[in-house]
Amino acid sequence: MRLKKFGKRHRRYIPLYLMMLPGLVYLIINNYIPMAGLIIAFKQVNFRKGILASPWAGLSNFEYLFSSDEAFIITRNTILYNLAFIVLGTIMAVFIAILLNEIRGKLSKKIYQTVILVPYLISMVIVSYLVNALLATETGFVNHTIVGALGGEPISWYSEPKYWPFILILVNLWKNFGYHSIIFYATVVGLDSGLYEAAAIDGANRWQRIYHVTLPGLRSTIITLSLMSIGKIFYSDFGLFYQVPMNSGPLFDVTNTIDTYVYRGLMQSNNIGMSAAAGFYQSVVGCLVVLLANFTVRKISKDDALF
Amino acid sequence: MVEKSRKTQIIFHFIMIILCIFCLFPFLLLIVSSFTDEHVLIQEGYSIIPRAFSVAAYEYIFANSATIFRAYGTTIGVTVVGTVLNIALTILFAYPLSRRDLPHRNIWSFIVFFTMLFNGGLVPSYIMWTQYFHIRNTYAALIVPSLMMGAFYVIMMRTNLAQNIPEEVLEAARIDGASEWQILFKVVMPMALPIIATLMLLVGMAYWNDWMNGLYYLTQKKYYTIQVLLNNMLQDLQVLLSSSFSANVDMSSMPSTSIKMAIAVVGALPVLCIYPFFQRYFVKGITIGAVKG
């Protein structure tokens, strides 16, 4: 009797379940099976035996990984670059959003909005070409035109690690500042115009308006976006760190991140164990960071938490 | 006061114009270089000042167009098929989730949401796709892994449907005797067209720009998309870079300096050309994406 009732209640929803089926199958294959596949980090992978039948390796993969300097370097690089991107990117984007909001002239505003989003639309491969056009030792614009004009010696950019933290931060800002500016700008535009009018009646000048109305209005979006970025602090843009420095060996000390390390271990040095260990470390700590960041924001201001 | 405000306006515009130049400068360098004579490029480097105009690079591309046109065709095919599949899977999953009466709605939502919190990463995915699904060197490699449906888009679509389609509309359709499938196709999808169009643009761009699937899963040239081709040409340069001490690098197989720039132009052009016309939708996609679901 109860079963029949259950069937009746669910029969109505069978079409809905059928709709969800393909997506569910895809998520299971593309996302959930690889999660289970994280056990590879504890295995001595042997493809002839298959993953499950491969012998266990205990923690030896992790011991190898953490006994080398690499673990420290890739963690340091991943986190520090991300922090730089978050802080500088947010400051720049908020600044531009406010600027866009203060500018009069509909057409110029629209043109600026359109142009600053252009770098965001192209792939990292093309960005690598652009950077190469600037930095190539023999034919690059910087060596030829700028360094030449200053009377300096040409710099071999792709083998000098000391410049790359700046280059990578600059490239990242160049590519992404428009995207973040547009998000902040949309928030500013959505602010209650009554607040501005009230501020004007109270005799607030432009800067007071920005400080007392615009910035507080942006607070929630700043927190949400920063939270999303902090949640990804253990992940890096593979293209930026692999493709833009053109996989150049002398730069590894400042360009190697967890993602490039995992890729090189898997595809180039064929060190699946260590690569899997680094991937496991990234997945688990990355997830903890998301939960922790969200928990912290929840404590401070509940409405701004993501979940 | 007015005078002062005018001055600030000029400063603001000045800053924005500098930023716009900062954004566009590398593209200008790319385009001008692609139209510059090869010898001049080698002697004087890339420059934004047009000198020694030449279309030789583009002539070469068209003369040897087989590879590039093939890659272009593959890119278009992959983008179209991938985008359609992605949107189909996304809306099929998002619509039931948007229904408040769906049994165990929270569990289904969590299954989607959890994939954003935690993932297996590259190594297990790579091994699964290559060892168990034998995806290496197939067109499926360019379409199926990681891009075919994303939790983020599902949640975005679900929220959008839940907000924009009133319950009464669905109820009315049900009273008229429409089945769930008819409701989806005839009621929900037409009403959701703006969000579908926006998502299509974002997903289409992701497929057009994707080179990572190609990097992971392709070794045969015939499957290359334009981005993968570009990427491989950059790799050629890498080979030259790391072996600059040995003189026996085959220079004739190297695409020369201007051709490289020309192909990069060809790869970037479609996105840059359609972008101004769809700018509004891009901005919309970006801004709704940032609002939490």
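Glycine is no exception: its Cβ is also placed from the backbone N, Cα and C atoms.
Residues or ranges marked as domain 'ABC transmembrane type-1' in TrEMBL: A:75-293.
The transmembrane segment feature in TrEMBL is assigned to A:12-29 (among others).
Sequence-remote contacts of a segment are chain residues at least 6 beyond its ends whose Cβ falls under 8 Å from one of its Cβ atoms, and for the transmembrane segment (A:79-99) they are 116, 165, 168-169, 172-173, 176-177, 180-185, 187-188, 210, 214-215, 218, 222, 225-226, 229-230, 232-234, 236, 241, 257. Under the heading transmembrane segment, TrEMBL lists A:79-99 (among others).
Note on the transmembrane segment (A:111-131): residues 96, 100, 103, 167, 171, 174-179, 181-182, 185, 237-240, 243-244, 246 of its chain, located 6 or more positions outside it, place their CB under 8 angstroms from a CB of the stretch. Here TrEMBL flags A:111-131 (among others) as transmembrane segment.
Panel annotation: around the transmembrane segment (A:182-201), residues 93-94, 96-98, 100-101, 113, 116-117, 208-209, 212-214, 217-218, 220-222, 225 of the same chain, lying at least six beyond its termini, place a Cβ under 8 Å from a Cβ of the stretch. For A:182-201 (among others), the entry in TrEMBL reads transmembrane segment.
If you look up TrEMBL, you'll see A:222-242 (among others) marked as transmembrane segment. Within its own chain, the transmembrane segment (A:222-242) has Cβ neighbours under 8 Å at 77-79, 81-83, 85-86, 89-90, 94, 123-125, 127-128, 168, 171-172, 175, 180, 183-184, 255-260, 263, 282, 285-286, 289-290, 293-294, 297, 301, 304-306, counting only residues six or more beyond its boundaries.
Per TrEMBL, the feature transmembrane segment maps to A:272-293 (among others).
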